[in-house]
Ligand SMILES: N[C@@H](CCC(=O)N[C@@H](CS)C(=O)NCC(=O)O)C(=O)O
């Protein structure tokens, strides 16, 4: 699935550009369709395929929702290799790695090939997660915040009643969830990348302070409420969205992204407890967390930040017991 067009500026993580002031702004997603009855993308078994990296916090949001909702038999998943190369995310035949898989649909070499198959003139980044539609041969959606809502309710008719009834974005909490999501996204989910990808001292210093101010705000929220969850007294998508960043914090962001004002384990008792309860008490969180993929991806793939590609051994353990 070769293309004659030079797409290296879209695929090569070492060619990533920051803004003129050295700051990093994030990646806009291009495919934003929803799976819904009566729509272009109808909920159907064996029609959709999920592509993810176990290393990626955005993609892992999708795998957590897939498992929480019991969608494993409705939506198969393929895991890419964590070792991104100049063509972006490779599948296992190009970059073998324990737990990485080949592309079952097209034997594609890279995720890039799927994007160019869906849209030959695509000019964006070749990101995961993405939902592929086998019927229309295109990408339905490549934005994790949409994908988790699609998984939350889009396939309910195909699920047993007890799974269909599970709602991680319930009507009565939506306003509060949206508001928490908004500042956690800017301050923390994106904040670690703004800190790690900054290319000037000024941009870095601003980003790291804002990141820790947002973490301080989460710490206070959890400590004040005494709840095990961010919103109300129930697990919602807000927890899923924050968890995938926080679980990577001590093993990766503290070192690789210089997010080192404090660690989660030593500096944030309430966040630390919230994270460990989700991880140790709920298989949807634990079974979708792979520290090998996580550490290898960041330390190996961003050669401009870590030119030796050495993957650090610690912290030991990657997550403390409850
Ligand atoms: N807004 C997207 C962001 C996805 C994203 O940035 N994924 C990263 C991996 S953690 C990626 O695939 N990067 C590839 C690239 O930038 O070339 C989402 O939430 O789904």
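Cβ atoms are placed via backbone N, Cα and C, with glycine included.
Note that this is a predicted model, so its numbers are computed, not measured.
Annotation comment: TrEMBL describes 1-12 as compositional bias 'Polar residues'.
Marked as region 'Disordered' by TrEMBL: 1-27. Here the region 'Disordered' (1-27) has, by DSSP, the following mix of helix, strand and coil residues: 7 helix, 0 strand, 20 coil.
The compositional bias 'Basic and acidic residues' feature in TrEMBL is assigned to 13-22.
What TrEMBL records for 56 is active site, nucleophile. Annotation note: residue 56 (active site, nucleophile) sits in a coil segment as assigned by DSSP.
If you look up TrEMBL, you'll see 89, 125, 126, 127, 128, 143, 144 marked as glutathione binding site. Every protein chain shown contributes to the tally, and the Cβ of residue 143 (glutathione binding site) ends up with 22 other Cβ atoms within 10 Å.
Secondary structure of the domain 'GST C-terminal' (170-298) per DSSP (helix as H, G, I; strand as E, B; remaining residues coil): 94 helix, 0 strand, 35 coil. Among the features that TrEMBL reports, domain 'GST C-terminal' is placed at 170-298.
Listed in sequence order, 24, 26, 257 are the same-chain residues at least 6 apart in sequence whose CB falls under 8 Å from the CB of residue 193 (active site, proton donor/acceptor). Here TrEMBL flags 193 as active site, proton donor/acceptor.
What TrEMBL records for 253 (among others) is site 'Lowers pKa of active site Cys'.
As annotated by TrEMBL, site 'Lowers pKa of active site Cys' applies to 298 (among others). Sequence-distant neighbours of residue 298 (site 'Lowers pKa of active site Cys') (same chain, 6+ residues apart, CB-CB distance under 8 A): 55, 248, 252, 256, 257, 306.
Separation of the C-alpha atoms of residue 143 (glutathione binding site) and residue 56 (active site, nucleophile): 13 Å, rounded to the nearest whole number.
Cα to Cα, residue 56 (active site, nucleophile) and residue 125 (glutathione binding site) are separated by 14 Å. A separation of roughly 19 Å, to the nearest angstrom, links the Cα atoms of residue 128 (glutathione binding site) and residue 253 (site 'Lowers pKa of active site Cys'). Ligand 1 lies under 6 Å from the Cβ of the following recorded positions, listed in sequence order from 127, 144, 193: 127, 144. Put simply, residue 253 (site 'Lowers pKa of active site Cys') is 22 Å from residue 126 (glutathione binding site) when counted between their Cα atoms. In this structure the alpha carbons, written CA, of residue 144 (glutathione binding site) and residue 253 (site 'Lowers pKa of active site Cys') are 20 Å apart.
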